[in-house]
Ligand SMILES: CC(C)[C@H](C(=O)O)[C@@H](O)C(=O)O
Ligand code: SF4
């Protein structure tokens, strides 16, 4: 039988032929827990009578949402997790490395063909490298910590094919926002989104990560880019693994097909308060912004910062706009530092913060007051996502964020 990439990954990991719709107990190749959801997973593991975790080498532990601790409960969570890591022999990246999804990818902890879970909805990011990766709840993670396996209902797939070359200053984020606008916030619920076509094939790994990251914003269980040379190059630079072929069969069965030609794509904006409220930038150009956030697991990589810096050029950020730039990880931070980007952002008036989730979730800092408007390169714009429920969050690409930060209002980066 011809199979999709998602079906093939489950078949290979379970050692028998698996079809979409099957409910299987599948082994987990890696499991990520962070400072917010980790403590609950550990408590569930204990309640289940857990003493030793299934394999400490397969656990990725780190802190990124509330770092450095922004409250006493957060500090207590960190202490609790550090103790668990010591007791179980887990390598804890602690608060040094950055946002969980960036760190998992950059440390080579998710590889093509693997099943990877994390107690965070954007775990689907690792599909950029050909893993079947999905966010799970802390209760499920308690089970994974004990048994190293989990029940899955193997998803049907939606194939999204994109062809053509993205225009200047239009990038992966614009493409995925446009796809989210079409599919809708629940249009891919429990499906695997498979990204194929020449646009994805010529996209760099950071761009693929931006796209896979937002699969969950359409309700998808996973977002997968079939691994090609670029993906294998990325992973083999980080861990010892022999490349192999992994792609859907030509006649595999899909729930749906969607096709895009990106040659004329305009910069896209998700306007408040849903990710699928997507419009071309010119429909909202001129909207005044109070805060601009460039960062997150969606768009906090070096390439994103470099694109923003290129659009910024020698300009200053507009008076009255708070520009917050947060690299997604220590590695990305160092690359930005060495390339002189940090100096440029700070000179132009930005606050440059250490790697963490930052204002993305309205957690640690950068919260909005009622009535304020934020333009953000992150992935969610629900009411209250970045502070007050009476504030507004618009989502965009790093290029649009930088252009808008210079003019103090939503601006088409192609005109800068
Ligand atoms: C805190 C965590 C559970 C949450 C998620 O799962 O996505 C967060 O990272 C987010 O982006 O809202
Ligand atoms: S950067 Fe934002 S979306 Fe990503 S893990 Fe952190 S809070 Fe979640």
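Placement of Cβ uses the backbone N, Cα and C atoms for every residue, glycine included.
[4Fe-4S] cluster binds 357, 360 as TrEMBL records it, and from the list 297, 396 the residue named for this site is 297. Close to the recorded [4Fe-4S] cluster site, the chain also has 64, 65, 99, 122, 295, 296, 298, 300, 328, 356, 358, 361, 378: residues not among 297, 357, 360 whose Cβ is within 8 Å of the site's Cβ mean position. Around the Cβ of residue 360 ([4Fe-4S] cluster binding site), a 10 Å sphere holds 27 further Cβ atoms from the protein chains shown.
Taking a C-beta cut-off of under 8 Å and a sequence gap of six or more, residue 357 ([4Fe-4S] cluster binding site) has these contacts in its own chain: 64, 65, 99, 296, 297, 363, 364.
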